[in-house]
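Trainee: Structure provided below as structure tokens; questions to follow.
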């Protein structure tokens, strides 16, 4: 674990060279927006540790080649600043160019020391999540899990919902989707969903997506719109025919739009109340979907039992937090699906790492979301193939780009991702032998 305070990147150089370690995977946070808990300062280090545990468990990454990093730029949490036991810098968070210069320095240092390492950004507040993603995605092999990982999982769920409705996948372009929450995760979902629609229906397609924040429906009539949300603001003419206007509340939007999907990434527990859920009974879909994706459980937009009780038994329900299946009586069960990034990001990192990709592209992320029902190796294989197709793969270790191009998907799945991963999975063999000998 590495905690880096402002202007102390000599520590990174000393840390890496003195111990002669190699790093393949880094998860980085600044602790500014931990789940729905807010600014936890350096106490947010548990998130990178937990995410890297998933890389080890699900993707088989060598635990000696991972690095959780906490970038300490201060905290705006007054309780922490006044806590004498707080371990972080006792100062307000850096802002503006001073903040970005710190992240710049870190990314350059990592790339210089470990040029093939993947950096996953995690739990940055929205303004820095989008800023850093746009700043680095064309320069380094990195991705933002909150924006891109969540989006990939949500897109997989949205596409799966179309299938459960018995409709062709291309019908996704006609789905009416209401997204509640205009933070990094909600906007990431919309961005990837729009890209999917345009692939299916052409660049001129106009998706029927509706975005709400704490002030209601976002339209172009709003005086102040966050630049990241502006592309998804509806034109007044589009919503007037539905009887809606700027700032319409959630219940109004659901009743007038009659969406196929109601998706929550608001961080506001219970925002899908009884009235909202009952309104979903009038959905234009025969099998409407309700995604309550906020974490932790107390911040989920609704509980599974309430969704099935008020919206009806014939719904698709997914949540970010784990809920038990719901007993509907008469032997019927309301099945709960978990829509969590944990099903996606290990495969994204694995595929990018093994392909030696220079960058992580939208095509690689979309490939991952389309095979999310399969194991991490499947996701990794899909990411590798996308990286090769986009000529981003440079190879890793003994496997070069020419060999990658010649590999079939089956070969990647069952050979490359199992027995050819030295030095990534080689640590598993002695560990498994030791375990077997101890039984």
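Using N, Cα and C of the backbone, Cβ positions are placed for all residues, glycine too.
Taken from TrEMBL, the feature (S)-malate binding site covers 33, 295, 340. Positions annotated as divalent metal cation binding site by TrEMBL: 122, 123, 146. Taken from TrEMBL, the feature domain 'Malic enzyme N-terminal' applies to 2-137. Among the features that TrEMBL reports, domain 'Malic enzyme NAD-binding' is placed at 147-388.
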Trainee: Cα of residue 295 ((S)-malate binding site) to Cα of residue 146 (divalent metal cation binding site): how many Å, rounded?
Mentor: 12
Trainee: Test of understanding: give the count of other CB atoms lying within 10 angstroms of the CB of residue 122 (divalent metal cation binding site).
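Mentor: Result for residue 122 (divalent metal cation binding site): 26 other Cβ atoms within 10 Å.
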Trainee: Could you tell me how many residues in the domain 'Malic enzyme N-terminal' (2-137) are helical, how many are strand and how many are coil under DSSP?
Mentor: 64 helix, 22 strand, 50 coil
Trainee: Please name which of the binding-site residues listed here, 122, 123, 146, is nearest in space to residue 33 ((S)-malate binding site), Cα against Cα.
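Mentor: So, spelling it out, the nearest of the binding-site residues is 123.
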Trainee: May I ask for the distance between residue 340 ((S)-malate binding site) and residue 146 (divalent metal cation binding site), taken between their Cα atoms and rounded to an integer number of Å?
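Mentor: Their Cα atoms are separated by 10 Å.
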Trainee: Report, as a single number, how many Cβ atoms besides its own are within 10 Å of the Cβ of residue 146 (divalent metal cation binding site).
Mentor: 25
Trainee: Please work out the mean pLDDT for the residues of the domain 'Malic enzyme N-terminal' (2-137).
Mentor: 87
Trainee: Which are the residues of the chain, 122, 123, 146 excluded, whose CB is within 8 A of where the CB atoms of the divalent metal cation site average out, their centroid?
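Mentor: Here the non-site neighbours turn out to be 29, 33, 34, 47, 121, 124, 129, 144, 145.
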Trainee: Compute all pairwise C-alpha distances among 33, 295, 340, the residues listed as binding (S)-malate, and give the largest one in whole angstrom.
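Mentor: Those residues reach a largest Cα separation of 17 Å.
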Trainee: Would you count the other C-beta atoms found within 10 angstroms of the C-beta of residue 295 ((S)-malate binding site) for me?
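Mentor: Result for residue 295 ((S)-malate binding site): 19 other Cβ atoms within 10 Å.
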Trainee: Which of these binding-site residues has the least crowded Cβ, counting other Cβ atoms within 10 Å: 33, 123, 340?
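Mentor: Each of the binding-site residues 33, 123, 340 was scored by Cβ atoms within 10 Å; lowest is 340.
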